[in-house]
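Data block below; observations after.
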């Protein structure tokens, strides 16, 4: 895609280096030694020489006058991020939405192409219209998407631009991203802004999923399916996304779409729908059974390890088959926590069935029982308590984006592009929970929950209780094992 004048004139449109860098000091020294008195106003604007520009304007130069390529001074100031010059030229009558250049773009379009967020903010304050289209039919939000400037996308949406704004071909930002930019971003970011995944363009009547498949953007295909894109949607030629995947011979996209169709058809069965409601409980029941079966096999009264090995392999194969066929992605993250709780169940059962009948003294039984209750209590409190998820309403999110952007802080240090929230001190985004957590410590897979400001006070006692229970179980198992060996070796026990 052409970039207009941004790459045709050899001008300086990169951000200036930090003020304390050696390069900056060297450039400043060279500028002091160089004579600018013969520079024209375009070159002076590109280099940010306010005094020289003021001198030429005072001498009678019209700031609205375009150069030989129909580019105004405001365009040059915008693309080179010369904010002081933009303010000066506008104060002298420059037209903020003047069209110019090869692509017939506004200064705002030029600033967006180069990713100058502060320039975009300044131009919008000065009355720039982000809905104007350039010579290619794109308005501001489309250019921000095509050039993958996420902070500018967020700022434009916060300032009132619609995420479903169409270009001259009826393409929404989501369609452009899915079709033109291979990878997860900015498609993932756009989907967080609640665009329509069912919208179609004017020419081919394709949805965003059609465009993602057509361009081979499998990352976008995954994201769009997760966001609820329709597999049955047909374009102007009557083609579904799967039809296009087969036509383009994209094996990976075809595999993803067919798996989704299979999962969709499976979910349509009434029995499986009913089972899905109790999926976690059923998984827990199966895991408890598997652990019990493994314990039973290992305790079989036989010296044949071959038999035990074959039975264990059979249990393992069955558990693998169950996981692949009946445990979806949403439930898989709970498997470690369910396994942990199932282990606690059998530990409890082992104590009451094997250890308690042996007549252990109450000084042992009561502490174990209390430590087990403590473990279950603190597990429950850690699991059920809000770890400190940072939440924000749509209006609060927009206000946060505007305030951070205008303060120059709309970057990953202060703003989470996944949750669209301002990150407090010591917070972090948890990819397992897909949420930012205040005072984030870790995501504990054995609890299935993040550990943060809200539940850290329960997590530490949980760990202490777990250590105590583990100590009791190991000690009781050792004592029981020694009693069993003594019993089996005593001939008197045979009579």
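Note: Cβ is positioned from N, Cα and C throughout, glycine not excepted.
Annotations in TrEMBL come from automatic prediction, not curation.
The annotation compositional bias 'Basic residues' is assigned in TrEMBL to 1-15.
Residues or ranges marked as compositional bias 'Basic and acidic residues' by TrEMBL: 21-31.
Helix first, then strand, then coil: DSSP counts for the domain 'Palmitoyltransferase DHHC' (413-486) stand at 31 helix, 16 strand, 27 coil. Summarising the annotation, TrEMBL assigns domain 'Palmitoyltransferase DHHC' to 413-486.
As annotated by TrEMBL, region 'Disordered' applies to 1-37.
For 69-101 (among others), the entry in TrEMBL reads repeat 'ANK'.
Per TrEMBL, the feature repeat 'ANK' maps to 103-135 (among others). Per-class residue totals from DSSP over the repeat 'ANK' (103-135), listed helix then strand then coil: 17 helix, 1 strand, 15 coil.
Per-residue confidence over the repeat 'ANK' (136-168) averages 96 (mean pLDDT, predicted model). If you look up TrEMBL, you'll see 136-168 (among others) marked as repeat 'ANK'.
Under the heading repeat 'ANK', TrEMBL lists 204-236 (among others).
Taken from TrEMBL, the feature transmembrane segment covers 280-298 (among others).
Taken from TrEMBL, the feature transmembrane segment applies to 304-322 (among others). Long-range contacts of the transmembrane segment (304-322) within the same chain, counting only residues at least 6 positions beyond its ends with a Cβ under 8 Å from a Cβ of the stretch, are 286, 290, 293-294, 297-298.
What TrEMBL records for 334-353 (among others) is transmembrane segment. Among residues of the same chain six or more beyond the transmembrane segment (334-353), those with a C-beta under 8 A of the stretch's C-beta atoms are 280, 283-284, 287-288, 291-292, 295, 323, 327, 368, 372, 375-376, 379, 383, 445-449, 469, 473, 476.
The feature transmembrane segment is assigned by TrEMBL to 359-380 (among others).
For the repeat 'ANK' (103-135), same-chain residues at least 6 beyond its ends with a Cβ under 8 Å from one of its own Cβ atoms are 2-6, 13, 15, 72, 74-75, 77-79, 81, 83, 86-87, 90, 96-97, 141, 143-144, 147, 149, 151-152, 155-156, 159, 161, 165, 167-168, 405-406, 408, 410. Taking Cβ pairs closer than 8 Å, the repeat 'ANK' (204-236) reaches residues 172, 174-175, 177-184, 187-188, 191, 197-198, 242, 244-245, 248, 250, 252-253, 256-257, 260-261, 264 in its own chain, all 6 or more past its ends. Same-chain residues lying 6 or more positions outside the repeat 'ANK' (136-168) and placing a CB less than 8 Å from one of its CB atoms are 1-2, 103, 108-109, 112-113, 115, 117, 120-121, 124, 130, 174, 176-177, 180-181, 185-186, 189-190, 193-196, 199, 201-202, 397-399, 401-402, 405, 410-411, 417, 420.
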